[in-house]
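S.K.: This is the structure, below, for whatever I ask next.
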Number of protein chains: 2
Amino acid sequence: MSKPTSPAASDSPAFVIPPAPPGSARAQTVRDLNTARSLVSFPVDKLSNIIHGSPDVMKRKKELLALIESDPVFSKANRHHGSREDRMLRSMQMSKRLIEIRDAHKLSDADMWTLRALVDETIVITLHEGMFLPVLRSQCSPEQAKYWIPLAEQYKIIGSYAQTELAHGSNLSGLETTATYIQETDEFEIHSPDITAAKWWIGSLGVMSTHTLVQAKLIINNKDYGPHPFVVPIRDPETHVPFPGVRVGDIGPKMGFNLIDNGWILFHKYRIPRTNLLMRFSQVTSKGQYVKPPHAKLAYSGMVFVRTNLVRMAANALAKAATISVRYAAMRRQFTVVNTAKQQIGMRSSDETPVIMYPMVQARMFPRVAEAYATLFTAQEIESMYHDMMHRLESFDVSTLPAVHANSSALKSYCTGLALDGIEELRRACGGHGFLMSSGLPYLMANYSPNVTYEGENQLLTQQTARYLLKQLHKHQTQSETLHPMVEYLELVSLGGIKAQCTGVSSPTDWFNPSVQRAAFAHRAARLVGELAHQISHEGIPFADLNVECARVSVAHSQFIMVSSFHNTLHKLLKQDASMAVYPALKLVADVFALSEMLKNVGDFTEDGYLSQAQVKCLRQAFKTALHDMMKDAVGLVEAWGYTDYELDSAIGRSDGKIYEALLQRALDDPINQKQGGKGVAKGYQEYIRPLLKGERAPVKLAKL
Amino acid sequence: MSKPTSPAASDSPAFVIPPAPPGSARAQTVRDLNTARSLVSFPVDKLSNIIHGSPDVMKRKKELLALIESDPVFSKANRHHGSREDRMLRSMQMSKRLIEIRDAHKLSDADMWTLRALVDETIVITLHEGMFLPVLRSQCSPEQAKYWIPLAEQYKIIGSYAQTELAHGSNLSGLETTATYIQETDEFEIHSPDITAAKWWIGSLGVMSTHTLVQAKLIINNKDYGPHPFVVPIRDPETHVPFPGVRVGDIGPKMGFNLIDNGWILFHKYRIPRTNLLMRFSQVTSKGQYVKPPHAKLAYSGMVFVRTNLVRMAANALAKAATISVRYAAMRRQFTVVNTAKQQIGMRSSDETPVIMYPMVQARMFPRVAEAYATLFTAQEIESMYHDMMHRLESFDVSTLPAVHANSSALKSYCTGLALDGIEELRRACGGHGFLMSSGLPYLMANYSPNVTYEGENQLLTQQTARYLLKQLHKHQTQSETLHPMVEYLELVSLGGIKAQCTGVSSPTDWFNPSVQRAAFAHRAARLVGELAHQISHEGIPFADLNVECARVSVAHSQFIMVSSFHNTLHKLLKQDASMAVYPALKLVADVFALSEMLKNVGDFTEDGYLSQAQVKCLRQAFKTALHDMMKDAVGLVEAWGYTDYELDSAIGRSDGKIYEALLQRALDDPINQKQGGKGVAKGYQEYIRPLLKGERAPVKLAKL
């Protein structure tokens, strides 16, 4: 029964995928993607310019891509196979090569950011570039800058930024590492009192750094001045062996980011010169005198910059996942149901249905596309606030710092969460293939994942936002201070607006009115801030008992800002002739975003009677219509971001539509298959499989059972 | 400036972590875990018995654990380091060893399931055991069973179950592979018309299988009888080389599950004997006559079994993640805020706060603990329905099949989604350390992840549930058929209940009344089913346009069942003296579950005016109180599941509380650190790091820029 009789078949070791037969599912995917492109209602390049600011960005990206695309060092083939050691070696190799390319072509910092984004790996020099250098630039005194910065820029030293400790992440004031001033030798002694003081998570430290910037409690004459940054040489420049008094290593494999050497370090009474304290803001004199910074919050600007940047990166990451998923949904077909979308497009009822035509797929994917746009336009607003703030700081005007700090924190928290949840939802919406590394989605998700934790844990950040909002409300109510546009809804709290009902909606189309949308988010944010203030001032609940309420307020505030930012952007576009062709499509995206955000938390809008049952019904109907209408533009909306196939590294999101060939080709090229085109015998057969099949059981020590 | 002066330090290559100094953060974690245990209000072993049914389960698990715990083949050290090839070899090695242990100790199937759960890897024999054998057992004719099953049980053949194709997952009727009957030779010819017909995702096929069960369209005399299962020998039993006409391989790396050989296979006019069609339900005679199965749905029972099983596995996976996270939250301290929980426990305000005392951490973690219990009790109910159904099927009574099928589908969809989202939320709630593989959480998440896709994609399954509910409603309304207890709320639709208002709540404590909870979920489910029915019958919307509405209905139905199942379980416990001691704690867990589920979708309960603003305020207050009260029991509630340290494989969830030592020890043992205790030089230094530091740039071909 088990022996087959079989006619001869083509059994050459190399299996070449034959061309797609006409009428096959393979021919269909290519055709479907082109059809989807032909339906797009706007010029994609115009939208691309709005996203990137100018056509030069895309042009430059392509030039830079040409530098690495065919370099085997940067090949993405089999990037998911190697051991952690293999990955670290690749990471070093890529790092070295990038610097060589930089020097040979005299590339700018901006070019290097673009190149690293193309490579799409967080590598062993990423934190040297991303933290070590920026902190040196912002916290060195002029003489220090002259010494350290050229060394770092030329990679004569490699550095990292060591703040977090094994037992203390978010709580900076709980750090245990000390830097004690020793006047006799004019040195600081860096010391880790226990292993819980080990610096931990420090990128570029595990194997690469020659130096690290240590945040340690500054102690002078037994007095603790709190955490300060010190440049600490840790490895011998000639041998790379850690110096006596230093123990340093990698913290081990992670969910993602396995090409970077997140490291740990312990110090044992380790001495550095006094002048290694970064002295732009605070100083210690050789007499052991501490000189305070002119403004306690000046050092915050770096943090604000990073958080602002993370908002834009959230938009990029989400758009990347959306590009893969939406293309796949336009190509993948499943089942022969008949629904309205299929009928409208004139398909036969017997044709299998492109999954993008299912309302459920639209509801899973299109709001994510809209979120990417909303996040981008919000990033653009917060970036210009940041630049204005930096300009003011030059003349020590710190007046806008609290607003920029609070809003960048709220948005870092909300937008990175939105992006991670969105990427994962897009991945799941691709079904089984979304679980394959060759889809590109799991790697994107895993590597994006730490964004919700680093640079301020997302839930923790919401406490700061809430504090800021409470303060603004208090100031407004007691000092009639003019409200910043981003919090102008707080006016409603005092005007009795928190008892309002929505008046602008009596049909679904009313929900497409921007003022109706904005009023709803304003009302809801105002009501929640008002309730929080009431709980503290009238009910006497301690602030620390109100974590969940603070988070709710921060979400409401962030959503208000994002909906407003989108509206502001549309308003600006309306004034530009060149943008008129994309306006209707983007207006629809704005509607999908606003309505989706409202439906996610619809209870917030109904529980106080702001919306009636009929209005919620209209809301759901409007949302459904908007999703349905967005279908024709979906592929154009993702392709406007301009992600190349090299960046996407996705078999199912390919721009040529040949998804099934690509999936199989990746499998054929897999080392496990030993490149024998599906005719080979597995490594391990002799040791493990054959003995099993032949009943050759090894003796097992019979433990007591 | 860069050369340090440093006193001598202990620089021996081996770094031994010193004992925890008294008063240190390390001493505190151990103490905090013990304090948390001492607060638990119930006997943990009693609850453990309720979870596992009897103390024997835990006892047997420990006996089986002893068989593998100290066997290097099953060591979990460095399991996250190897290349994909290394992992596959380990997988084969573990597979062989498990069979040797099985045979030596004559272990039962149940024991083997327990062993594999302990090993906690989906390995190359998992699908042989989990799909190949069960399908043979349920679909072979008696003669076929006698031939094939002993071969498979003794591993003389290794098999897999090949249904999904590259271009067709969910849509079984779209499968392209054909099995054409050739009367002249009394054979079937298995053929893949194009690469899109490649069987894809098939576990145990990529490198292991000698045979695979192929679902192929049965063709006799050009007539298509739809998909049927065939046993197909694919690799030579002597050499393991694929037979002519077969191409087979691994599909490549995945987000998780990298120790299993999910495979692909293509057939070229490949012949097998007629008798290799599994003939329990349908037959083909040597004359080419097709014999229909006695009941078209009989083959469904296997699918129902798998889905039912996935509900219980969802509970287990979630409880495992919760064990790690809740223990960690009880040990991790951060910030010195003063909140009510801290005051009640008599801590000094200057003490750092165990993060479990933050309302936000409670809100992130405790509902997940409650979801694990709710899922378990629901699984127990659906399992007994399944067993009753199987009993009936023996006498061809298929009357309960639709209910069990629909409910197991709804619950598979809802509970696996709940578990995956819960695991990820618990992972994120552990902050940075939750991103480390040594926390155990990322691996658990990645490996659990496919549960939301396989055995019925979760969103797709909701369409079936909705269809079933609509049918039940229709039957009830037109034929006054008695409603199954799981859908008895449908009665409300006809009784005008969908316009009701909640009458039982005027204070927060009213929300702890089970009938109030149940009535709310019943009302909401009834309203949504009623609205869906109305949209179809009165508004004429095609069913295929209502995906999103169907999913909403399925969630509402699942939540109703889960809340009811929890109440039913509590009701049973009340009748058992032995359970009285755990009743109050479990009642609180039930409350946390019901209120959490309600708040997740609170708009569903407010938008039609069922709940008033005051009642929602009470709901939030009641939820907050319940979470706060659950804190004392939290560690007991997770430890009752009885997960061993070997199973958890987590540095931060250790039962001895030594989390910081464990994190550092894992890092020290990491191959990247070359076991030199933080004194070594990285592999790759000479090739990549030194040239970079010394400015030895390799020449770069200057492409046009």
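Placement of Cβ uses the backbone N, Cα and C atoms for every residue, glycine included.
Features from TrEMBL:
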type     : residues           : note
ACT_SITE : B:GLU455           : active site, proton acceptor
BINDING  : B:THR164, B:GLY203 : FAD binding site
DOMAIN   : B:44-158           : domain 'Acyl-coenzyme A oxidase N-terminal'
DOMAIN   : B:300-470          : domain 'Acyl-CoA oxidase C-alpha1'
DOMAIN   : B:513-694          : domain 'Acyl-CoA oxidase C-terminal'
REGION   : B:1-26             : region 'Disordered'
S.K.: Based on DSSP, tally up the residues of the domain 'Acyl-coenzyme A oxidase N-terminal' (B:44-158) by helix, strand and coil.
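M.R.: Breakdown, helix to coil: 85 helix, 0 strand, 30 coil.
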S.K.: In three-state terms from DSSP, label B:GLU455 (active site, proton acceptor) for me.
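M.R.: In the DSSP reduction, B:GLU455 (active site, proton acceptor) maps to coil.
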S.K.: Between B:GLY203 (FAD binding site) and B:GLU455 (active site, proton acceptor), how many Å separate their Cα atoms?
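M.R.: Their Cα atoms are separated by 13 Å.
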S.K.: Can you check which residue among the recorded positions B:THR164, B:GLY203, B:GLU455 has the largest number of Cβ atoms within 10 Å of its own?
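M.R.: Per the Cβ count, the most surrounded site is B:GLY203.
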S.K.: Round to a whole number and give the Cα-to-Cα distance in Å for the pair B:THR164 (FAD binding site) and B:GLU455 (active site, proton acceptor).
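M.R.: For B:THR164 (FAD binding site) versus B:GLU455 (active site, proton acceptor), the Cα atoms are 11 Å apart.
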S.K.: For B:THR164 (FAD binding site), just give me the three-state DSSP call.
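M.R.: B:THR164 (FAD binding site) sits in coil per DSSP, no helix or strand.
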S.K.: Averaging the per-residue pLDDT over the domain 'Acyl-CoA oxidase C-alpha1' (B:300-470), what integer do you get?
M.R.: 95
S.K.: DSSP three-state call for B:GLY203 (FAD binding site): helix, strand or coil?
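M.R.: DSSP call for B:GLY203 (FAD binding site): coil, neither helix nor strand.
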